[in-house]
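Everything below concerns the one structure shown next.
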Amino acid sequence: MSSIEERAAKALDDPENWPAEPKEAVARQRLLADRVRTEPLDPDSVRYVAGLDVSYGVGDTELAAAAVVLDARTLEVVDTSLVADTPSFPYISGLFAFRELPPVLKAIQGLSVAPDVFVCDGFGLAHPRRFGIASHLGVLIDAPVIGSAKSVLYGRNSPPGEERGSWTPMVAGRSELVDDTETLAAEGAEVVGRVLRTRARTKPVYVSVGHRVDLAGSVDLILRLSPKYRIPEPIRHADRLCGQYRKEHKEQQGHETKN
DNA sequence: GCGACAG
DNA sequence: ATCTTGTCGC
């Protein structure tokens, strides 16, 4: 079987993956969406977890992508990768994988520790076409990916309890809010994710299956990865890594301009 | 037609 | 996402 780096390179090199027009991008999502697989994820068997994130500069001309691998047990950082790049697709809600995946794949190529699971800052199945960035990445590199977002895109839900670990289901296409698992199953409702309280009395995060994981295992792992703060540690690390890189780069440019 | 709209 | 300091609360 090929390595993750090889699969990332192959995905980047295929022009079919990177349409220029939104309409083509939607068609691409519809084509790839049925490749998504939900499989059991045992959080106890996970050793390395990679957090992924992208930060932007001014004027829509520059961005930085980071991949940070943590030991899932100790939450220690064991590997990092950082890449500077240029946006090649506009930000459009529902299509933002086409903007962020190219730099993210490049950052993944720079890793030397192979992650067992990836965590994306965004959605997987909790998406209008069931193909958010977490599912998209998972299908492109055929790896386990979990989506963990900071706000809602798709699906209805009631607010979870205020205590850490409390959650409610995110349900597609319903008019009334029902949280009971049996009732939802009996009605054949489509559960696309879970709203999870990772920290008491703090805004929850939105967890959904990306690829080759299941929802319960994903929520369990995300909770373990967030022992202190709202945002899971792998994403927090990736966030501050590409964020500070962009800041330094901006300052450096400012100084050069003055001379 | 109206409202919503990941980062 | 980004522009931005201090400040209220556990």
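Our numbering is plain: 1 for the first residue shown, then up by one each step along the chain.
Even glycines carry a Cβ here, placed using N, Cα and C.
The structure displayed is predicted, hence computed values, not measured ones.
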Note to self: region 'Disordered' per TrEMBL: which of the ranges A:1-23, A:162-184, A:231-253 is that?
What the structure shows: A:1-23
Margin query: Please report the three-state DSSP label of A:Asp53 (Mg(2+) binding site).
Written below: strand
Note to self: Could you give me three numbers for the region 'Disordered' (A:1-23), the DSSP helix, strand and coil residue counts?
What the structure shows: 15 helix, 0 strand, 8 coil
